[in-house]
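J.: Mind looking over this structure? Questions follow.
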There are 2 protein chains.
Amino acid sequence: MAANKYVFNFQEGNLGMKRLLGGKGANLAEMTVVGLPVPPGFTVTTDACRAYYNALSLPDGLMKEVANGVKGIELQKSQLFGNAEDPLLVSVRSGSVSSMPGMMDTILNLGLTDITVVGLAKATNNVSFAYDCYRRLIQMFGNVVFGIESIYFEKLLHQLKRELQVEQDQDVTAEGWKQLILQFKACIERHARKSFPQDVNDQLKLAIEAVFRSWNNHRAQVYRRINQIPDEQGTAVNIQAMVFGNLGQDCGTGVLFTRNPSTGAKVLFGEYLTNAQGEDVVAGVRTPLPINELQKEMPEVYSRLVSIAEQLELHYRDMQDIEFTVEKNKLYMLQTRNGKRTAQAALKIGVDLVRENIISVEEALQRVEVSHLDMLLHPTIDPEAKIDVVATGLPASPGAASGQAVFDADTAEQCARAGKKVILVRSETNPEDIHGVLVAEGVLTSRGGMTSHAAVIARGMGKPCVCGCDEIGVDAEAKQFTAGDRTINEGDWISIDGATGRVIIGMVQLKEADMSEELVQMLEWADGVRQLQVFANADSPEDAAKARELGAQGIGLCRTEHMFMSAQRLPIVQAMILAESLVERQSALNKLLPMQQADFEGIFTAMAGLPVTIRLLDPPLHEFLPNLEDLVSRHIRMTIQETERSAEQDALEKLIRKVRSMHETNPMLGQRGCRLGILFPEIYEMQIEAIFRAVLRCLEKGVTVLPEIMIPLVSHANELKILRELVDHVAEQVLLTHKNSCPYKVGTMIEVPRAALTAKKIAPYADFFSFGTNDLTQMTFGYSRDDAEGKFLTQYVDQKLLAANPFQVLDRDGVGQLIELAVERGRSVKPKLKTGICGEHGGERESIFFCHETGLNYVSCSPYRVPLARIAAAQAKLVLGDQKIAIMPIVS
Amino acid sequence: MAANKYVFNFQEGNLGMKRLLGGKGANLAEMTVVGLPVPPGFTVTTDACRAYYNALSLPDGLMKEVANGVKGIELQKSQLFGNAEDPLLVSVRSGSVSSMPGMMDTILNLGLTDITVVGLAKATNNVSFAYDCYRRLIQMFGNVVFGIESIYFEKLLHQLKRELQVEQDQDVTAEGWKQLILQFKACIERHARKSFPQDVNDQLKLAIEAVFRSWNNHRAQVYRRINQIPDEQGTAVNIQAMVFGNLGQDCGTGVLFTRNPSTGAKVLFGEYLTNAQGEDVVAGVRTPLPINELQKEMPEVYSRLVSIAEQLELHYRDMQDIEFTVEKNKLYMLQTRNGKRTAQAALKIGVDLVRENIISVEEALQRVEVSHLDMLLHPTIDPEAKIDVVATGLPASPGAASGQAVFDADTAEQCARAGKKVILVRSETNPEDIHGVLVAEGVLTSRGGMTSHAAVIARGMGKPCVCGCDEIGVDAEAKQFTAGDRTINEGDWISIDGATGRVIIGMVQLKEADMSEELVQMLEWADGVRQLQVFANADSPEDAAKARELGAQGIGLCRTEHMFMSAQRLPIVQAMILAESLVERQSALNKLLPMQQADFEGIFTAMAGLPVTIRLLDPPLHEFLPNLEDLVSRHIRMTIQETERSAEQDALEKLIRKVRSMHETNPMLGQRGCRLGILFPEIYEMQIEAIFRAVLRCLEKGVTVLPEIMIPLVSHANELKILRELVDHVAEQVLLTHKNSCPYKVGTMIEVPRAALTAKKIAPYADFFSFGTNDLTQMTFGYSRDDAEGKFLTQYVDQKLLAANPFQVLDRDGVGQLIELAVERGRSVKPKLKTGICGEHGGERESIFFCHETGLNYVSCSPYRVPLARIAAAQAKLVLGDQKIAIMPIVS
C-alpha cells in the first residue's frame, strides 16, 4: 500500500482494513464488495487523521485524493457535486476503529449552497424539503465546524415555529425555511465571525478537518480513557452519497437486529418510520413501527431486507445491527455491525451460532465478554421496578440487595440473628467489622476505593457492595446517614446495586440469578478447552459449597483469620492476644481449637475429594484488638469525670498499654504472617492441630480430604523450613495418635518480593507456591493499597501514568516479572512444583491470560468469579496456545 | 591428607593449617618448625571434633593416634606418660580456628595419679609442688570433665586454708594438699557419682571429649553468635608436655607484646612473675614485674626472649602476643599470636610495619579493622575519668557527650539558643523531634533498636546516641527519667557513651578525636587503591564541611525534609500542607523558597567543585503535622471542660479533620516521595527553583557547583519522566532568565523493587541510580524497620533464621540481587549510568564489598563513616580485584 494513499473507495476496502478505515468504513466497503445496495462513497483513513495531528493540518495531496473520490461517487450517482441542476449531496461521518457511539461528529446534506439548493428543489420537486435539508446542513456545519452550540440554532427554529404557529418541523413552509436559513447564516457570522462557505469543496475540507478534531473533544477523550482505547488510533472519515428516507410515503428508514439483542432469540428485531430520516427515529418525535409491519407496507423491500439480513449474519458470522433507508422504494444499506447485546443474549447467540454450525465452539468461547458474566450471577434489580436513587458510589461488588440500614457490625449480627435482613452502612470497614459483613445482605461505605477492605471482603463473599459513596454522610454514633436532604435512620429499608453503585431508598424487587442452559453449555465447552485449573477463595462451608456449585476445582485460599472475627470468638481471640503468659495464651487457644476444627470439618466436607488450601493466621494481631483512639478517648473521659480511681480505669490503662505496645507504624510490613508463627508457634500449632483433627473426623466419616497448608508472608527460606517442620510434627502427632494417615501438602504464599527472588532456596521446602498478588503488588510497587486507592493511585490512572490499577489488572512488567522468575527458579529445583495465584487478580481476564502464559497450574478467585475464570482460562488457551509446561493433575 | 588422620605432631603442622589445627595448634606447630623452644606436643584436629559431633563419640582410631602422639612427646622429654618414677605430664587445651579467648576449657597437669604424683615429688624433689599439681588437676578435671562447679572445690580449699591458718596457696603444706586431694576426690564422687580416673589414658580420653563438648557450652555459643563464627568450625585439642614456672626462683612465666598494644609504639611490652604458673599472672595474687626487670634477674633468658620476639614478629609479620615459661633457667615458648591492640595502635603498627618494610601498603590496608575506626573519630570518655554509670543501652551512634537532660525538642532548642549543652532524652524519637536532635549533644532513648529513628538520625548527624535503654523510665510530662532508684530531672547533667551504651550521671571529661598522622597516612594509601568513590550523606553546610574534611568526594544524599523541620520553619510547612487552595499553598511555599535556597547555597559552597546530590521532598506530609492522638485528647478535654463552643474548638476540629484525612495505614507505602511531586508539583517546583537560584548565586560568587537532583521512590518510569521534565523546565526558566547555564544531573533513587525490576525502562530518564537500600530492604523483605527491629527481626537474628540484620548488612540474596539486576539492566541501555548506594549500608564493610563487586561507582554514608568507607573500599579492591566496570570520573 502506498504510504500516502489516504483515500479508499468502498470498492477498494474490506472488513480486514478496520485499523485503516475504521469500523464503519470497513463495514461499508465489505457490504459494497459483497454486492449489497450501499450508497457510493469513500473513506479517508486513520493514517490521514494521525498525519493531521502530527502536522496540525491536512496532509498534502489529501484533498486531491478526496476530489477523485467525489468523482467516483458522481459517476455512480450520475450527479455532480456543487451542480446547480441536480446536485450530489454527501454525508461526512466519523468512523473510529473501536466503537465509540455518539462520541464524534457527523454532517449531513453537505454540498448544498444558495445555488445548489435550488437545483435540489427542482430535482426532488420539493422546495420545502430542499430548504429543510439546507437549514439542517447549516446548523450541523455551524455546530461541528465552527463549534457553535446547537442551542442557538434550536432557539431560532423554536422562535420561527412560534411565529408560524406550527408544532412540527414538517409543517414549516419553504418560505419559513428560507427565513431561518438567513438567520442561521447570521448566527454563524455572529458567533464564529465567518461565513457559511458557498464553495462545496471548502465545505468538504472543513468538514473533514472538523471530524478529525472531534477525535479529541472532551467526551471522546473521556470515553477512550474509560474504555482503554489508545489515543493514537485516530478516526477515519466516511464520505458517502446522501439517500433520503423523507422524500415521501415510498421512503423510510429503520434499524434492524438479526436476533433479539435482549434475549438472543432468533427472530428479526427492529423498527422503522416511513417518510423520515434516521435522526427522526432516534429523536422519538414519531413512534416507529415494529419491523414486521414493513412486510405489509413495502412487501418487496421487506423480503429483500430479510434476505440481506440473513446474508449479512452469515457473512459476518454474528448477530448484526443494520441501518437502512428506503428512497423511493429502493432499499439502501447504510451500516451493519455486530449488534450490542445483553450478557444473556450474548451467551444464547453464541451457543445458538455453534448449534447452527455458523461458528465453532472455540469462536463462541472467544466471543464471550467475561466481564459481563458477573451480571449473570448476581441478583439484579428488576429493570421494571420503580426505584428512588439517592446517591451513587463505586460499583465495588456486583449484585443487588435490600435490607434495613444498620451502622455497626454488632447490631448487624443481632438483627440477623433475629431474622432481619440488613445492609451494613459504615464510613469504612475494618477487619473488626467482618462478622457484620458476614451476616449483612450488602455493604455500603462512604469512603474507600474499589479495592478497599469492604470491597475486597464483600467481593470475596459474593455480597453486593457500594463503596466510596462520598455523596452520603455516615454518622455511626447517631446511627444514621444523610444523602442530599434525606436522612436514613437505623432500621430504614434501603437497597444497593453493586453493579452500578446506586443507593436506593426502600426495598426493591430483585431478580435472582440462575445459570442459564447456555451458560452451563458455554462453561462445559470452556472446561474442555482450558488448561488452567480454577480454584476458589472461600472461608466458610457455605462459600465452599457455592464455589463448588459454580465449578471450582478446589479451594485455593481459605483465610483462617475470618474465622476469628465472629462476635462469639473475638473475646477469646483477644484474651489469647492479651495473655501475659504462655499458659494464659494456651488456655485461650484451647478454647479456639474446637471452633476452628469445626470450621475446617465443614469446609473439607463441602469440598470432599477436592484440594483445600488453608492459610495459617496472617494479619497482625492488633487488628483483633479495640481501636487505640477509642480507648484513649474513653480513658480521658474517665479520668476527667471520675473523682476516684476505679478498677475499670486500671484495666483500661493496662489494655491501652498493651494495645499501644502492639501498635505498628506500617502494619502491612510488620508482625504478621509467618512472623507470627515463628514468634508464637503455639498459635500456628493450634491451627494445624485443628486442621488435622478435622481431617481425622472426615476420614472417620469416609470423606476424602486433600488438605494443603499454606504459610503466608515468607521472605526467607528458613521461615518455611521451620514452619514446615512444625506442620509435619503436629500432623504426625495428631494422625499417628489415631493410627491414621492422610497425604497433605505444605506450601507457601509468594507475596514478598524477596520470596520470589529467592524461590530457588524456598522451593525445596514447598509443595506449592501460591502467589498472593495483592500483597506482592503492594510491596513491588511500594503501594499501600489502603492509602493509594482513592488517593494518588486514582490520579496515576487518570493521568495515564499507569495503564491500569495494578490491584485490578496484574502488572506484567514488575509483579509479573517476579512471578515468572519465581516459577522458573522454583521449578528449576522442583520441576513438579504446583503454582497458582490467589490474589484478586485470579478473577480478572488479563491476569488470567498472564497466568496461562506463565505456566501456572491454577488461579483461585472468589466463588462468584469462578465461571468468569473458567471462560477466561479457555480464552487464554485459544488465544495464546498451549501452556509452557504440562499441566499437573489436581491431586498429585 | 589421609581422610582419617586426626592427630598432627607439632613438627608436622604449620600456620597454613589453621582451619584443621586451630589457631593455637597451628601457631605451636609453626614455632616448632621455625626451631623455637616449644614444649613438645601434638594437636587433635577440628575434623575429629566434627566427627565427634556427628557420631557423638570420638572417631574410631583416634585414641590410637593420640597414643602415638604421646609416644612422640615421651621420646623428646625422655619421660613416660603414667610412669611411676618420672612421669610425663601434659596440658590439654582447646584451640579454635577463630580466636575465642576463655570460652572453652583447659586441663593442666594431666598424667598425675595417686602413683605418679609420688614420682613427680621425687623427680622435682618437691613434695608440696607435686601434690599441689595433683589437686589442681583433680579440680580442673572435676570441673571440665564432670561439670562440677568450681565453687565446690574453692570452698574446700578455703576451708583448708582456714584450718591451716594460711593466707596463700603456696603456704599450704604437702600434707594439707594430700588432705585436700581426698576431699576433692570425694567431692567428685558425690556430685558426679564417678571416681577420678587413675588410668592416665582414661584421663586423656575423657579430657579430649570434654574439650570437644566445651565447644557447645553456653558461653561459647553466645560468643560465636555475637562474633558470627560458624558452628561447624569446631575446635582442635592441643596436648603438650607441661613445663613449670613454679619450681623455684630460677623459674617463671610471663606475657610479652612485641609492641605497645595500647599506643603501637615499638617497644617490648609485657610482664612476668618468677616462681609462678601462668594462671598466677592472670589471677593477680602477686603483682607481676615489667618485662625489662627480667633483664636484671635472668639476663640470658631475657636476651634470648628479645631475639625470639624479634624473630617471631618478622616471621609472623605482625605484632605478637607471646606467652613464655622459664623452667630452671630454660626458656619455653607456650604461645604466640597476633596481639590484640587498640584502634590507634593498630593503625600505628600497620603504618610502622610498612615503613619498616615488613609488610606492603596493601597488606597494611587489609589489616585495618574498619569497625574500629568509628572509635577514632568520635570524642570518647577519658579512660582516666571517674564515672557513675547508672544504666546501659544499645550503643547506637558512637562518641560521647555530656549535657543537661531535656525531654522535648522545643526545650532542647530553647536551651541550645541560650548556649546550654543538652542531651535529648525521649522514650523514642520521631521526625518532629529532629530540631531537638539537631541542637542536642546527644540522644538517649528508652525504646527502639540500633536502627530506630533516633539511631539513624543521630548516626547521620554524627551525634552520640544510646537507644533502647530499657533500664531507664522516661516520663516526658514530668520531665524526668528514672534509672534504678535514681531520678534525673530536667537540667541535671548527664553523659552518654554511644560507643558502649553507657548512661552516666554528671558531666564527664571527654577526649576530642583528631585524625592521627597514621590514620591520615592509611587513608591516603586507601585512596590510592580504591576504585569506589566515597560520598557522604549530609543535610546542612556544617555536615557537608565535616564530610569534606573526612574525605568525602561529594554529597550522595542531601535530605531536604530535614530543612523543613526547624522550629522556625515547621509552622510555615504546616500552613503549606493544610492549605485549602493552591493560592494558599503557593503563599507558604513562597516563604519557604528563600530558606531552602540559603540551605542549598551553604551546602554548594561547602562542597565547591564536588557533586551535591539533592533529594526532593520524600516523607509523607502528615509527618510534619501534629500527632492525631494528642489533638483528639486535647479536643475531648476541651469539649468536656468548656461550656461554650469557642473559635479555638472550631479550629481544632478543622485541624483534626485534616490530619485524619491525611492519616495513612502504612505511611511507608503511602503518599510520599515522587508521589508528592506528581500530586503537588508546586512543592517540588519550589525546591527545584530554590536549588537553581542557589546555583545562580554560587556562580555569581565564582563557586563551582555540580548539582544533581534526585527523585525519590520512583516505581514506574513515567514518574521519573514527568518529574525530569519538571526539573528541566524549572532549571531552564531560572538559569535562562539570568542568561546563565550550569550542567546538572537528574537521577532517581532505586528503592522500590519495581524500579529495580524495570530499570531498563527507567534508565533512559536517569543520569544516575542511587540505591536507597534502607527502603529497598524494607520492601524487598516486607519489613517495616520501625516495627521489625526490637521485635521479630531481633528474634530472627537471635534464632539465626537470618545471618544478620539486613538493615545493617546488605542482604545479598534478595536486595543485592535486585541491585545487580538494576545496574545491569540500567547500563544495558545507558552504559555510563552512574550508580551508587546512599542507604546506611554505604558505611558498612561487607556492604561496601558488595558495592565494589557489583560495579557501583560510589557509596554514600554519614560523614563520620567516610574514613571507614575509604578503607573498606580499598580492602574490597585488594580482596576482590578490579571492579567489573571501568570507574567513571567524578564529574562527567
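Using the three backbone atoms N, Cα and C, a Cβ is placed for every residue, glycine included.
Per TrEMBL, the features are:
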type     : residues                                                             : note
DOMAIN   : A:20-65                                                              : domain 'Pyruvate phosphate dikinase AMP/ATP-binding'
DOMAIN   : A:68-288                                                             : domain 'Pyruvate phosphate dikinase AMP/ATP-binding'
DOMAIN   : A:303-348                                                            : domain 'Pyruvate phosphate dikinase AMP/ATP-binding'
DOMAIN   : A:420-501                                                            : domain 'PEP-utilising enzyme mobile'
ACT_SITE : A:His453                                                             : active site, tele-phosphohistidine intermediate
DOMAIN   : A:516-877                                                            : domain 'PEP-utilising enzyme C-terminal'
BINDING  : A:Arg559, A:Arg615, A:Glu751, A:Gly772, A:Thr773, A:Asn774, A:Asp775 : substrate binding site
BINDING  : A:Glu751, A:Asp775                                                   : Mg(2+) binding site
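Could you give the neighbours, burial and distances for every feature on this list?
T.: Broken down with DSSP, the domain 'PEP-utilising enzyme mobile' (A:420-501) shows 18 helix, 29 strand, 35 coil.
For the recorded site, A:Glu751 (substrate binding site), the DSSP three-state label reads coil. When other Cβ atoms within 10 Å of the Cβ of A:Glu751 (substrate binding site) are tallied across all protein chains shown, the result is 27.
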J.: Return yes if the domain 'PEP-utilising enzyme mobile' (A:420-501) and the domain 'Pyruvate phosphate dikinase AMP/ATP-binding' (A:303-348) have at least 3 CB pairs under 8 Å (sequence gap of 6 or more), otherwise no.
T.: no
J.: Would you please pick out, from the binding-site residues A:Gly772, A:Asn774, the one with the fewest other Cβ atoms within 10 Å of its Cβ?
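T.: Counting other Cβ atoms within 10 Å of each of the binding-site residues A:Gly772, A:Asn774 gives the minimum at A:Asn774.
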J.: Looking only at C-alpha atoms, tell me how far A:Glu751 (substrate binding site) is from A:His453 (active site, tele-phosphohistidine intermediate), rounded to the nearest Å.
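T.: Rounded to a whole number, the Cα-Cα distance is 18 Å.
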J.: Tally of helix, strand and coil residues over the domain 'Pyruvate phosphate dikinase AMP/ATP-binding' (A:303-348) according to DSSP?
T.: 20 helix, 17 strand, 9 coil
J.: Taking the recorded substrate site as A:Arg559, A:Arg615, A:Glu751, A:Gly772, A:Thr773, A:Asn774, A:Asp775, identify the other residues of that chain whose CB atom sits within 8 Å of the mean position of the site's CB atoms, giving them in sequence order.
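T.: After dropping the recorded site residues, what remains is A:Leu557, A:Asp618, A:Pro712, A:Met749, A:Ser770, A:Phe771, A:Leu776, A:Cys838, A:Gly839.
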J.: Taking every protein chain shown into account, which of the binding-site residues A:Arg559, A:Arg615, A:Thr773 has the largest tally of Cβ atoms within 10 Å of its Cβ?
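T.: Ranked by Cβ atoms within 10 Å, first place goes to A:Thr773.
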J.: What whole-number distance in angstrom separates the two most remote CA atoms of the substrate-binding residues A:Arg559, A:Arg615, A:Glu751, A:Gly772, A:Thr773, A:Asn774, A:Asp775?
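T.: Farthest Cα pair among residues binding substrate: 15 Å.
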J.: For A:Asp775 (substrate binding site), which residues of its chain lie six or more apart in sequence with Cβ-Cβ distance below 8 Å?
T.: A:Met668, A:Leu713, A:Met749, A:Glu751, A:Val752, A:Gly839
J.: Between A:Arg559 (substrate binding site) and A:His453 (active site, tele-phosphohistidine intermediate), how far is it from one CA atom to the other, in Å?
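T.: For A:Arg559 (substrate binding site) versus A:His453 (active site, tele-phosphohistidine intermediate), the Cα atoms are 14 Å apart.
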J.: According to DSSP, does A:Thr773 (substrate binding site) sit in a helix, a strand, or coil?
T.: helix
